[in-house]
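Student: Sharing the features that TrEMBL gives for it:
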COMPBIAS  254-280  compositional bias 'Basic and acidic residues'
COMPBIAS  469-478  compositional bias 'Basic and acidic residues'
COMPBIAS  525-534  compositional bias 'Polar residues'
COMPBIAS  535-548  compositional bias 'Basic and acidic residues'
COMPBIAS  555-588  compositional bias 'Basic and acidic residues'
DOMAIN    22-127  domain 'WAC'
DOMAIN    308-369  domain 'DDT'
REGION    229-280  region 'Disordered'
REGION    469-505  region 'Disordered'
REGION    525-588  region 'Disordered'
């Protein structure tokens, strides 16, 4: 069951005394029944919030239904683990103190050494590798285990039996991976670190449930559950302190008096009923009086050359080839050229040949199952325009997919171009799926992940450095202002001193230095203010020249301050522009190192919206992936954004993504529309000229794929 706040969630019990003819509300995926519509609505809204976690995979930020589906798939994968490996794996897991990742690695490492009856591997014999199946485990008593194996020929028929050592057997493909083992560990245990198996599961496989000696100092069993001694001791001390201060009883009493009406719900782990707050699920949104005027959603174009059910494969293969073009040594091509090439009937079209050859070379370099199959057939590693179909047929024999194997006869006859688009894209889809599992592509993905992490660390470092500088500047300004206040106070105190006044010294300006007694006597008649503490009490007038000099100096200071302020503003402006440029640079670098293409989002009907930066169009995929369309004009995108209701969760998220990428999307679409208009104008000009003058017609831009050349092809 999905977890709520990392804890099991109890479903609502059906109402009592239900009448057979009574109308009720039922949750589709949990089968819960409610009499009250508001209770049903609150529960549906809770299930559609992304607060749920899949128990098997540990993935969070899911809806309840997504977590259920993910858990179901994970359980199905876990059941694929061979029965002979279950008990050894459980013995390793029981009471282990390792983290989940380290424990999965340890189980993988140990189980790969344990071969079982029925395992299909490759056996080394007579300097060759042959597919085989383990028939019997032979114990010779010397310490080395031998295995009786059956060597397999075509269609897995047994050709002969042999006895081989463990080091002579190599896994064809491990029957498990780390992801499956992680799900297996989560499903099999009721507690983590130390990992404790479910009691019934441990009893079924004869695994001890007694706590090991080395863990008894830290843990103990209480009521069938493992308890941490340190945590229990801390909780007891906290409770004792609370009771000693008289707070525990007071807290309980206050809690009882101001008790929540849903206390019983909290005990049963049921969340409180909350009023509906937007955004909510899109299908539950109703029109409101405060809603803006939504435009009608434009209908996407559907004029594809390939069948509608092939569009997903077409986009996937093209996006993979475009993203890993450097690794594949394949010169990039447009989606339109690729679509036209798939529909073309030529059997040796350069674009198609180069795409297949690039993917097959990756499989050959990986030294995996396909490479072994080629070695057994003694084929050369170089793929040419003449032999490429033979390598494709070898690949189809290896994967043994019935729908695609039926195409081998047509391909061997040299009529690849006569295959339908479904078959062509099906072959390319399988090639891409196998290429993704190679060490070369995985290594490239690891490099991209590391580069993205390094870029992220640089961005965070620069942000922290900028924040530190701003903080230091503020502290410096604060310190200067405090220094000025102290200086002013000291000057005022000096001016109010009667002894200083008798000597003829007066207060200076706030920013001037305190001058000596000799200098004060020389400048006493040139000051702007009168000596308030003079013995004679006479008011002396300032010299006109000195007054003019003071006014000039004050004007110069004001101008200097103004220039300094303007200079500072210019520096801040330049600094801000530089930061924005750096931000855009990092954003571009992150996009260059994108690992996968994610959809922009979904609308209220669960239609997905995809945007590929190398094509520019926005593709629309129906919820069942059977219908596709696209928007290719800026006006269509504007109308789409105006039709989205932000009160719904899905359309709100989609609108935010469209707003985020809107400048780039509109720029690409405008560029695309401009290129299309130029092509049409060019075609019309050629047509008009050909009616007047007999001149050779220009090349049709739609046939550009025929002149494709792979400029990155390996020699």
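Positions of Cβ are set from backbone N, Cα and C atoms, glycine also.
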Student: Give residue numbers and ranges for long-range contacts of the compositional bias 'Basic and acidic residues' (469-478): same chain, 6 or more residues beyond its ends, CB-CB under 8 A.
Tutor: none
Student: Please list the DSSP helix, strand and coil residue counts for the domain 'DDT' (308-369).
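Tutor: Its residues divide into 46 helix, 0 strand, 16 coil.
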Student: List the helix, strand and coil residue totals of the domain 'WAC' (22-127) as derived from DSSP.
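Tutor: Here the numbers are 49 helix, 13 strand, 44 coil.
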Student: Under the DSSP assignment, what numbers of helix, strand and coil residues are found in the compositional bias 'Basic and acidic residues' (469-478)?
Tutor: 10 helix, 0 strand, 0 coil
